[in-house]
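The active site, proton acceptor annotation in Swiss-Prot covers LYS72. Taken from Swiss-Prot, the feature shikimate binding site applies to THR21, LEU22, SER23, THR68, ASN93, ASP108, TYR228. Here Swiss-Prot flags ASP84, GLY132, TYR133, GLY134, GLY135, ALA136, LEU226, GLY249 as NADP(+) binding site, drawing on sequence analysis.
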Amino acid sequence: MPKISGQTQLLGVIGDPIEHTLSPAMHNAALEYLGLNYVYVPFWVKPQQLGVAIAGLEALNVVGFNVTIPHKETILPYLADVSDLAQQVGAVNTVYRSEKGWVGTNTDVHGFLAPLRQQSCLWSEIAVLVLGYGGAARAVVTACYDLGCRQIYISGRQRERLGAFVASWPQITLHPLLWSERATCLAKISLVVNTTPIGMSPHTGATPLTAEDLAKLPATAIVYDLIYKPRPTLLLQLAMARGLQTFDGLAMLLHQGAAALEYWLGQPAPTAIMATALETALGTEK
């Protein structure tokens with residue numbers, strides 16, 4: 001942590017709640033490693049205070065900030081510009097300054113793709129099942145579309161919300177499945193992505209797919225759970241027991257954060273330092 005002075009530059013993250021964010025740990029480790037007089041702090045911003053908070057961050061000369069739940073979509077009207085990618089996703093998670101004012105972009109797509117790009121898959125032959133239809137699912141759909149995946153299935157509990165989610169992607173053919181139908185396509189699925197909070201601490205005994213469900217997947221399938229606490233989730237434990245390749249959400253958190261830092265600083269982020277900081281922060285959380 002740098003010695004705070006009148007020259008210290010400010011970065012941060014806004015959300016509600018915000019007390020459990022791991023972003024300060026990885027960003028401050030990176031800033032210290034780079035020898036920069038910056039500090040990254042969390043800001044608890046309630047939805048009804050979002051507009052005031054954005055104006056305040058600008059007035060205080062904050063260099064840039066991340067955006068987390070529940071502001072990723074509602075922040076859009078408060079920005080001077082939004083990147084094409086963020087418009088496609090419909091959500092912003094990173095904001096930086098320009099001559100016009102605040103510019104919003106989305107590094108969640110990059111973060112999600114980082115571990116997948118290391119796989120030797122023929123993505124045009126891959127069918128994907130996305131569990132959930134929230135903001136994280138939007139980033140996942142965009143990423144899978146960019147990869148060129150053959151089919152994308154979306155499963156959720158509420159028929160109306162599921163239909164609205166599918167209708168919001170006129171350029172992409174999505175296949176909706178009600179939650180009770182989510183296991184019906186597994187025999188042809190090569191990538192399963194859980195974007196729901198099912199299995200997240202403290203509800204660690206829950207899983208969106210059972211061992212019986214996972215047994216229907218091809219032996220080469222990948223199971224990707226965006227949750228990173230606990231590690232591993234019950235879903236990933238069951239997938240590993242089945243011999244499937246797995247990823248958790250820590251890689252996504254790391255790489256979206258590294259991409260955000262590069263927007264703010266204009267230089268490569270020390271991802272190895274950030275990864276170590278994340279592992280340490282997770283290990284010391286009670």
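Backbone N, Cα and C atoms are what each Cβ position is placed from, and that goes for glycine too.
Projection of Swiss-Prot feature records onto the structure.
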| residue | record | contacts (Cβ under 8 Å, 6+ apart) |
| --- | --- | --- |
| LEU22 | shikimate binding site | LEU253, LEU278, ALA281, LEU282 |
| THR68 | shikimate binding site | VAL13, ILE14, GLY15, ILE18, THR21, SER23, ASN93 |
| ASP84 | NADP(+) binding site | none |
| ASP108 | shikimate binding site | VAL89, ALA91, ASN93, ALA136, ALA139, MET252, GLN256 |
| GLY132 | NADP(+) binding site | SER155, GLY156, ASN194, THR195, THR196 |
| TYR133 | NADP(+) binding site | ILE154, GLY156, ARG161, LEU162, PHE165 |
| GLY134 | NADP(+) binding site | THR195, THR196 |
| GLY135 | NADP(+) binding site | ILE69, LYS72, GLU73, GLY90, ALA91 |
| LEU226 | NADP(+) binding site | PHE112, ALA136, VAL140, VAL193, ASN194, THR195, ASP248, GLY249, MET252 |
**Fill in**
By a three-class reduction of DSSP, SER23 (shikimate binding site) is assigned helix
**Asked** Among THR21, LEU22, SER23, THR68, ASN93, ASP108, TYR228, listed as contacts of shikimate, what is the widest Cα spread in Å, to the nearest whole number?
**Response** 18
**Complete:** Counting only residues outside THR21, LEU22, SER23, THR68, ASN93, ASP108, TYR228 in the same chain, those with C-beta within 8 angstroms of the shikimate site's C-beta centroid are VAL13, ASN66, LEU253, GLN256, GLY257
**Message:** List every residue in the same chain as TYR228 (shikimate binding site), at least 6 positions away in sequence, whose Cβ is under 8 Å from its Cβ.
**Reply:** ASP248, GLY249, LEU250, LEU253, LEU282
**Item:** Largest tally of Cβ atoms lying within 10 Å of a Cβ, found at which of the binding-site residues THR21, SER23, ASN93
**Value:** ASN93
**Fill in**
The number of other Cβ atoms within 10 Å of the Cβ of ALA136 (NADP(+) binding site), counted over all protein chains shown, is 24
**Prompt:** Hey, does DSSP put GLY132 (NADP(+) binding site) in a helix, a strand, or just coil?
**Reply:** coil
**Asked** Judged by the number of other CB atoms within 10 angstroms, which among LYS72, GLY249 is the least packed of the recorded positions?
**Response** GLY249
